[in-house]
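Below is one structure, written out as structure tokens; comments come after it.
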Amino acid sequence: MDKLINQFEFGLFFWQVVIFVGLVLLLKKFAWKPILDAVNDREEGIKNALLSAENARQEMQNLQADNQRILNEARAERDAMLKEAREMKEQMIAESKSEAQAQGQKMIEQAKAAIESEKNAAMAELKSQVSTLSLSIAEKLLKEELSNKEAQTKLVEKLLGDVKLN
Amino acid sequence: MVISNKPLRFIIATLVACLPLMSFANSEVDSTKAVTEVAHEATTEGHHEGAHTEPTDEKSKIKAFIKHHVLDSHDFTFTQDDVTGKHYGFPLPVILWDNGLHIFSSSKFEHGKAVAESNGNYYVINHHDGKIYRTDVSGKITEDEKTGFPTNVRPIDFSITKTVISILAAALLMIWLFSSLAKSYTKNGGIASGAGRIFEPVVLYIRDEIAIPNIGVKHYKKYMSYLLTIFFFVLFLNIFGLTPLGINATGNLTITFSLAILTFLITNLTANKNYWSHIFWMPGVPKAMRIVLAPIELLGVFIKPFSLMIRLYANIFAGHIVLMSIISLMFIFKSWIGSSLSFGLSFVLSILEILVAFLQAYIFTMLSALYFGSAVEEHHHDEAHH
């Protein structure tokens with residue numbers, strides 16, 4: 001221990017403290033402060049650059065997502081429109097079909113009714129025609145028959161005979 | 001940071017776990033040294049070229065060399081030639097305060113062999129502790145019989161010693177390196193360039209892994225300058241110590257003491273009310289316990305920087321001694337097997353020392369940050385801390 005204490009040298013201590021403290025102060029002014037500031041600035045710069053790159057990436061992603069969304073929306077809209085159109089078309093076809101059918105049915109009905117009425121009219125005319133014709137024929141026949149006696153009797157007999165049979 | 005947390009923490013934990021092994025290695029070396037000492041003393045008889053005061057046999061010469069290396073010195077010697085006694089290096093200025101300023105070159109001491117005269121006073125370097133004492137013309141040093149320390153008057157020594165030169169060099173290197181790094185940011189659009197850019201990840205590591213987790217996002221900024229400076233200062237001086245220049249600054253108690261005392265001062269001067277209340281009147285424990293805890297906590301305030309000081313000093317000091325001992329084993333063995341073995345060992349140990357250099361700088365910074373963090377910790381009772 002004595003040897004250790006004896007090693008202590010005041011002059012050397014003085015120089016060492018003077019040189020070292022001077023060194024700390026000088027280096028602080030001319031080296032450490034500029035170095036640490038520069039390194040800090042650089043680190044900040046790198047951090048900012050990375051951050052802005054990240055932001056740009058995020059923005060890009062957002063944009064892409066937006067685009068995708070818009071595209072999807074447009075696609076969905078188109079699909080919806082197509083579907084609607086298809087449905088409309090089908091509906092129209094169905095509608096017109098049923099309408100046509102109804103129209104046709106109606107026309108058929110009308111035609112049928114017209115035919116029936118025509119037929120009835122024709123039948124009625126035919127009937128009247130036939131009746132007048134047969135009356136005239138009967139008239140003519142009667143005129144002819146009743147012109148001679150014999151024939152009249154014969155007819156009467158015949159008619160009587162028919163009655164008997166009944 | 002590219003390096004993820006977990007493996008790094010694991011590596012550091014492993015290194016810490018390995019540290020005790022180093023001390024084992026140390027004692028083993030000592031035992032081998034003891035063995036060689038016996039063998040050596042038997043075989044070598046006086047092949048010595050040095051002066052009479054210098055140790056004669058090779059082993060004690062090496063011992064003296066290592067002892068000399070780990071201490072501070074008044075001249076910068078890279079190497080020396082024992083045969084001619086020539087030293088390769090340069091002298092440093094000696095500045096003494098001894099009833100007046102004495103400034104002269106350390107070449108006057110002629111590497112501790114001569115007595116230097118300045119303004120009528122005589123000074124000599126004691127080769128035991130490498131310190132300057134006042135003496136007379138003959139250069140006599142009287143030693144205390146009990147402790148063995150010299151009793152001569154010691155002038156206050158403000159000399160620019162080898163350690164001062166090395167911390168000055170480290171400081172200038174740091175100023176150049178980091179101010180050029182700072183300038184390169186503005187020139188290069190916020191991106192580092194040049195030599196300093198290797199250290200940018202380290203700066204970021206200290207901020208993100210040491211300062212913010214330990215101090216908190218709110219307060220860490222005001223401690224950053226100190227933490228960064230102390231990390232690189234300790235690291236560079238540790239690495240300097242591993243170069244063949246023979247510098248041992250962070251293995252010098254005065255240096256680690258001054259670093260620790262700065263951490264101590266900053267911790268206690270910036271501490272908030274919560275910190276002091278945890279020391280003197282611990283919340284959440286019975287009153288009787290608070291009285292018992294207060295002195296313990298107060299002691300802790302001083303033990304913390306003390307442990308910082310001793311840890312760094314002991315690690316680097318021991319590392320230098322072990323490394324130099326193993327290197328010098330090469331010259332003691334003087335055989336193919338032994339020398340190459342100790343070469344391999346010193347190589348591996350050097351790599352370990354590089355790791356220790358980083359580790360100790362990290363630990364010093366980490367613990368400083370931890371103490372700062374405890375000083376500015378916010379008041380929260382609910383959590384069961386302590």
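Cβ coordinates are placed from backbone N, Cα and C, and glycine is handled just like the others.
Note that this is a predicted model, so its numbers are computed, not measured.
The annotation signal peptide is assigned in TrEMBL to B:1-25.
Residues or ranges marked as transmembrane segment by TrEMBL: B:160-178 (among others). Counting same-chain residues at least six beyond the ends of the transmembrane segment (B:160-178), those with a Cβ under 8 angstroms from any Cβ of the stretch are 72-76, 92-93, 95, 195-196, 199, 229, 232-233, 236-237, 240, 245-249, 252, 254-255.
Under the heading transmembrane segment, TrEMBL lists B:226-247 (among others).
Outside the transmembrane segment (B:253-271), and at least 6 residues removed from its termini, the chain residues within Cβ reach (under 8 Å) are 72, 163, 167, 222-223, 226, 230, 233-234, 237, 301-302, 304-306, 308-310, 312-313, 364, 367-368, 371-372, 374-376. The annotation transmembrane segment is assigned in TrEMBL to B:253-271 (among others).
Taken from TrEMBL, the feature transmembrane segment applies to B:291-310 (among others). Sequence-distant contacts of the transmembrane segment (B:291-310) (same chain, six or more residues past either end, CB-CB distance under 8 Å): 253, 256-257, 259-261, 263-264, 267-268, 278-282, 285, 364, 367-368, 371.
Positions annotated as transmembrane segment by TrEMBL: B:316-333 (among others).
Sequence annotations record features per position, and here TrEMBL assigns transmembrane segment to B:345-372 (among others). Long-range contacts of the transmembrane segment (B:345-372) within the same chain, counting only residues at least 6 positions beyond its ends with a Cβ under 8 Å from a Cβ of the stretch, are 12, 15-16, 19, 22, 25, 206, 210-211, 214-215, 219, 223, 226-227, 230-232, 234-235, 238-239, 241-242, 250, 259, 263, 266-267, 270, 304-305, 308, 311-312, 315-316, 319, 322-323, 326-327, 330.
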